[in-house]
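Below is one structure; the comments refer to it alone.
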Amino acid sequence: MVALAFLPELWTEILIPVCAVVGIAFSLFQWFIVSRVRVSGDQGASSSGGSKNGYGDYLIEEEEGVNDQSVVAKCAEIQTAISEGATSFLFTEYRYVGVFMVFFAAIIFVFLGSVEGFSTENKPCTYDDTKTCKPALATAAFSTIAFILGAVTSVLSGFLGMKIATYANARTTLEARKGVGKAFIVAFRSGAVMGFLLAASGLLVLYITINVFKIYYGDDWEGLFEAITGYGLGGSSMALFGRVGGGIYTKAADVGADLVGKIERNIPEDDPRNPAVIADNVGDNVGDIAGMGSDLFGSYAEASCAALVVASISSFGINHDFTAMCYPLLISSMGILVCLITTLFATDFFEIKAVKEIEPALKNQLIISTAIMTVGIAVVSWVGLPSSFTIFNFGTQKVVQNWQLFLCVCVGLWAGLIIGFVTEYYTSNAYSPVQDVADSCRTGAATNVIFGLALGYKSVIIPIFAIAISIFVSFSFAAMYGVAVAALGMLSTIATGLAIDAYGPISDNAGGIAEMAGMSHRIRERTDALDAAGNTTAAIGKGFAIGSAALVSLALFGAFVSRAGVHTVDVLTPKVIIGLLVGAMLPYWFSAMTMKSVGSAALKMVEEVRRQFNTIPGLMEGTAKPDYATCVKISTDASIKEMIPPGCLVMLTPLIVGFFFGVETLSGVLAGSLVSGVQIAISASNTGGAWDNAKKYIEAGVSEHAKSLGPKGSEPHKAAVIGDTIGDPLKDTSGPSLNILIKLMAVESLVFAPFFATHGGILFKYL
């Protein structure tokens, strides 16, 4: 008698979509609350909730005699400009990406269809010759459909995230007039809208796709879940262009605005006289929000696909135990419910009253979600898995207990928390590493750069140990399936992770709007405090994305090796070692391309900003308006043009290596890119984050040490601004894009594995 999961199949079929719908409903509810903050001149405009959240609070402007109506109107005008700029850029980007999507979908269909010569006859299954599976042509067709679905969902995730952020930024600014707690709640609720919408829609689309494909595939679960891998490929390929294009856009504007505005003209950040200021604020939304949304959606889709592929050839798939098969989706469903409870701690159970409470509140979100999720995983593992089962392990079936799989997911979940806290330690100005970097600015920009680079390299150590331990534990217990569910464990609290990540750019925009609208210094101090905490949470989000990318990439690598029929990857063979060397080089090549792109785009931006300051009379005096549109156009044109070469490098490398050199060399390339890509990504993100917060530490001047380095415009401050400017492309373009590189190459190799196994390695065949 075959042991089946405790939870009946019918309950599984109800629970997963219900949890997804609950997540979507909760995000819409949060959006409704945020929408009650009016961005208009209405008297009695309400705040984000009941009496606790802001009815009847007097405004700072009323106290200081500033005309409230004109401030609100100005905020609304700036918000509209940022929203229109972001929407225009994303539509332009998606037009180019749409062409790529159609072209690549055709490649998937032709390459996979050619495996069996476009035959429509059933074939023996890859892992069990005694059974027959659907033809390769069916896999080609369904993989193509899954690819398009993943791509569209990824694009929508990024676009909706951007719309929510641009909707919330001015509302956060207006609430800052009533207190830092009110502003925090609006920014955080808006982040939660994006987090829950993305997590729930990703789960729902994947679940519906599986069930629709099952109508055709029937009992051929091996073919079904092989086709589903296209979903992960679609999600990550769109994320790559979103991350690279958005990253180039935002940093070209940021670097241009900072170099001319702060250093040459000595005007504050987000000063309305700066021609690049609107482009800078647009960039926060298209890079940090739309890019991060697509990126984490891609990670989630790929981790799910890797787990499902391995499960389909394990006892879950062989015995057609649908509940156990859906274990990865049940983890994600539980994650949505856990994140929902966690969010209430920040928005309803506790109230932020002082600046110093902001960062602990965000950190508590990570701790609470991880603690509750541990219990949630235990429940899912008990009801969703048989007590004992077998997992495919490179040609053999490994016996695994349900408690072992529970530990695999937990080790990923807790490794994510450790990476998050280590990232926070190295990038928050509350701790000594960033304060040391700030102190090094006394002797100029050179020492600041040296200290920042050293910090970035040092910050790699603990996250790598955390990833290494989680890989060892999860692989020991449940082979590559264990690694895949460990990645899902790290991503199980994705809704909370995205909420605290999206909070950062929303707060940053809120500060920019406060400055441009001419609000009082006290309000700017509040938005700066929100922004400083947001910088750290953005770094934590990047840490999660990179850590999960490492686990996801390894799980996909294992699935690829199994599917391509490679029994061992021997590093002593020339085919593999050349692949390792080339693969380890690719992240450097990719980083060089993206950083050069930011540099050349920033050069044009600097020249344009200088031109306007020199040629528009009355601009510095504030009597004339700058030409914002030209700067927005420079960023848009540069990012669209410059995102194509790095995108082609990532997308074409697996196809070229697999076709010409074969699956063994491609295995080496994937392993090499994983090992070097993770290290560079962590160090780049943390170096940039540390430089940014060292600058903010000096600007805030809260402690005696910070005051001795300031104020704004002092020589140490100028050195800090230079460090921050160097770090911009590291933390927002190259670093975050690298985790997509390692995932995307692995999932692409998995999707094309049947083609490479059949037709690959043509150079070695004829040499």
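Cβ coordinates are placed from backbone N, Cα and C, and glycine is handled just like the others.
A quick note: this is a predicted structure, and the numbers were derived from the prediction, not measured.
According to TrEMBL, the protein has these features:
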type: TRANSMEM; residues: 14-34; note: transmembrane segment
type: TRANSMEM; residues: 96-115; note: transmembrane segment
type: TRANSMEM; residues: 135-162; note: transmembrane segment
type: TRANSMEM; residues: 183-210; note: transmembrane segment
type: TRANSMEM; residues: 325-346; note: transmembrane segment
type: TRANSMEM; residues: 366-385; note: transmembrane segment
type: TRANSMEM; residues: 405-426; note: transmembrane segment
type: TRANSMEM; residues: 460-488; note: transmembrane segment
type: TRANSMEM; residues: 544-566; note: transmembrane segment
type: TRANSMEM; residues: 572-590; note: transmembrane segment
type: TRANSMEM; residues: 740-764; note: transmembrane segment
Distant-in-sequence neighbours of the transmembrane segment (405-426), which means Cβ under 8 A and at least six residues beyond its ends: 327, 331, 363, 366-367, 370, 373-374, 377-378, 381, 385, 433-434, 455-456, 458-459, 462-463, 466-467, 469-470, 473-474, 477-478, 481-483, 485-493, 536, 539-540, 542-544, 546-548, 551, 685-686, 689-690
Interface-richest range of 14-34, 96-115, 460-488, 544-566, 740-764 toward the transmembrane segment (183-210), CB pairs under 8 Å: 14-34
Stretch-level contact, the transmembrane segment (96-115) and the transmembrane segment (740-764), CB cutoff 8 A, at least 3 pairs: yes
Selected stretch (most C-beta pairs under 8 A with the transmembrane segment (325-346)) from 14-34, 460-488, 544-566, 572-590, 740-764: 14-34
Distant-in-sequence neighbours of the transmembrane segment (572-590), which means Cβ under 8 A and at least six residues beyond its ends: 646, 649-650, 653, 657, 661-662, 664-677, 680-681, 734, 737-738, 741-742, 745, 764
Same-chain residues at least 6 beyond the ends of the transmembrane segment (460-488) whose Cβ lies under 8 Å from its Cβ atoms: 299-300, 303-304, 306-307, 310-311, 314, 327-328, 331-332, 391-394, 398, 400, 404-405, 407-409, 411-412, 415, 418-419, 422-423, 543, 546-548, 550-552, 554-555, 558-559, 562, 678-679, 682-683, 686
